[in-house]
Amino acid sequence: MEKDEVINSSSSDTDQCEEIRAAPLYAGTDVGAEPLPAELITEKTPAEPTEPPAAGHHNPPDGGLQAWLQVLGGTFTLVATWGLVNSFGVFQTFYETSLLAGRNTSSDISWIGSLQGALLMIFGVVSGPLYDAGHFRHLLAAGLFLIVLGMFMTSLATAYWQLLLAQGVCVGIGMGMVFLPSTAILAQYFSKKLPLVLGIASAGSPVAGIIFPIIFSRLEPKIGFGWATRVIAFIVLGLSAVPVAFMKVRIRPRSKRAIWDKTALTDPAFLVFASGCFVAFLALYVPFFYTQLFTIAHGIADKEFAPYLVTFLNVGSVFGRIIPNALAGRYGSLNMMIVCAGGSAIMAFAWFGTKNLCGLTVFALLYGAFSGGVVSLSPSCLKNLTPDMNRLGARMGMSFFVTGIALLVGTPIAGAILGEDNWTPTIGYTAALMMVKEKGKS
């Protein structure tokens with residue numbers, strides 16, 4: 001009897017399961033509830049394969065040889081991108097005092113460097129979605145090729161329009177193809193250590209900003225502008241072999257992404273952050289472009305020593321990119337961003353009081369440190385503000401686009417204010433914008 005009851009019970013349960021499977025699904029438990037839409041009804045059995053989780057749901061290894069090779073490759077791509085931008089001050093001074101002297105204004109010349117930096121950021125609106133779509137290797141190879149080509153063409157230039165096209169447009173587009181993808185890929189390999197890793201990788205740019213101005217200022221009097229520039233181009237070419245050889249995507253995307261993440265436009269936190277970055281980059285690179293010229297104009301140092309002020313800015317930036325990012329793992333990236341933004345605002349006002357070489361050196365070191373933190377913390381802040389990692393490339397592209405517009409017009413505006421020798425309003429422009437930016441961040 002017990003066996004028959006068990007068989008009957010099992011048969012009854014099977015019949016109930018079949019009835020449930022055949023019956024319509026309801027939105028609630030009430031008898032009069034409406035059926036669910038057809039697209040929400042699934043009939044998967046445990047035997048059916050399920051769709052793999054999104055790329056953003058895979059846990060990054062947070063270490064290992066392959067992961068750290070990405071950091072090494074990312075460091076060298078930062079040398080080829082922001083490293084050249086950080087070094088433009090030495091070119092600005094050379095063009096203004098020698099190659100283009102008497103032919104173009106300070107504002108005209110600054111368009112070369114600002115266009116280079118702006119395209120680095122603005123092109124992220126294209127390279128971000130292409131990265132999300134799985135074209136990392138294509139972007140990396142093409143971008144590094146354009147950077148090297150642009151620097152070699154710069155070495156042959158003798159007119160303003162040639163420099164604008166070669167050093168501004170060609171190098172700038174190449175930077176834009178490389179920078180965002182080589183930064184975003186680190187999030188596939190690191191999670192808890194990501195802020196520190198971004199800081200280590202981004203230290204490549206101030207290291208280049210230390211070395212390149214010294215190379216150029218030492219070699220240019222001996223071998224001329226052309227070969228001094230070509231030496232830098234050859235260095236970038238050699239270093240490019242490392243990211244091309246080792247950097248690769250860990251997780252392939254499942255689908256293509258839109259250029260714009262529409263959800264970001266209704267996200268107050270993202271909008272406030274992007275607005276703060278816009279104001280910041282209107283002024284952030286003014287000292288990098290004009291400190292060397294300021295030193296010569298005020299007789300603080302001669303032309304031989306003045307390029308070292310750009311070096312000091314970048315020495316400070318090395319510490320500013322590593323230390324705040326190391327602390328961000330404990331205190332939060334956004335909190336460290338507020339600290340660095342406040343420090344750079346204070347140092348911008350301190351520029352008013354620099355009257356001798358000692359004071360200017362201290363200013364350069366501290367401003368470089370705080371501004372370096374502002375630049376290097378942005379990617380990890382954006383990661384924290386992005387709920388879906390599959391949209392990280394698109395959101396970074398949107399933020400970088402806004403930042404690039406500011407970088408494009410910020411230093412030429414400062415150059416227009418400077419005119420012949422109007423340093424007080426130029427410094428005031430920088431300090432005021434940095435203070436507004438600090439209020440926006442906080």
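Using the three backbone atoms N, Cα and C, a Cβ is placed for every residue, glycine included.
The region 'Disordered' feature in TrEMBL is assigned to 1-32.
Feature annotation from TrEMBL assigns transmembrane segment to 67-89 (among others).
Under the heading domain 'Major facilitator superfamily (MFS) profile', TrEMBL lists 67-442.
Taken from TrEMBL, the feature transmembrane segment applies to 109-131 (among others).
If you look up TrEMBL, you'll see 138-158 (among others) marked as transmembrane segment.
Positions annotated as transmembrane segment by TrEMBL: 164-187 (among others).
A Cβ distance under 8 Å defines the sequence-distant neighbours of the transmembrane segment (194-215), meaning residues of its chain 6+ beyond its ends; these are 60, 71, 74-87, 89-90, 183, 186-187, 228, 231-232, 235, 288, 307-308, 310-311, 313-318, 320-326, 328-329, 333, 368, 372, 375-377, 379-380, 383. Annotation comment: TrEMBL describes 194-215 (among others) as transmembrane segment.
As annotated by TrEMBL, transmembrane segment applies to 227-247 (among others).
If you look up TrEMBL, you'll see 268-290 (among others) marked as transmembrane segment.
Annotation comment: TrEMBL describes 305-322 (among others) as transmembrane segment.
As annotated by TrEMBL, transmembrane segment applies to 334-353 (among others).
Annotation comment: TrEMBL describes 359-377 (among others) as transmembrane segment.
Look at TrEMBL and you will find 398-418 (among others) tagged as transmembrane segment.
Under 8 Å from some Cβ of the transmembrane segment (334-353) lie the Cβ atoms of residues 276, 280, 283-284, 287, 320, 324-325, 327-328, 359, 363, 366-367, 369-374, 377-378, 381, 384, 424, 427-428, 430-431, 434-435, 437-438, 441-442, all in the same chain and six or more residues away from its ends. Counting Cβ pairs under 8 Å to the transmembrane segment (398-418), the top-ranked stretch among 67-89, 109-131, 138-158, 227-247, 359-377 is 109-131. Distant neighbours of the transmembrane segment (305-322): 86-87, 89-90, 93, 196, 199-200, 202-203, 205-210, 213-214, 216-217, 287-288, 291-292, 295-296, 340, 360-361, 364-373, 375-376; these residues of the same chain sit at least 6 beyond its ends, with a Cβ under 8 Å from one of its Cβ atoms. Beyond the ends of the transmembrane segment (67-89), by six or more residues, the same chain brings 60-61, 112-113, 116-117, 120, 140, 144, 147, 151, 171, 175, 178-179, 182-183, 185-186, 189-190, 197, 200-209, 212-213, 216, 232, 236, 239-240, 242-243, 245-247, 285, 288-293, 307, 310, 313-314, 317, 375 to within a C-beta distance below 8 angstroms of the stretch.
Summarised as a single figure, the pLDDT of the domain 'Major facilitator superfamily (MFS) profile' (67-442) averages 88.
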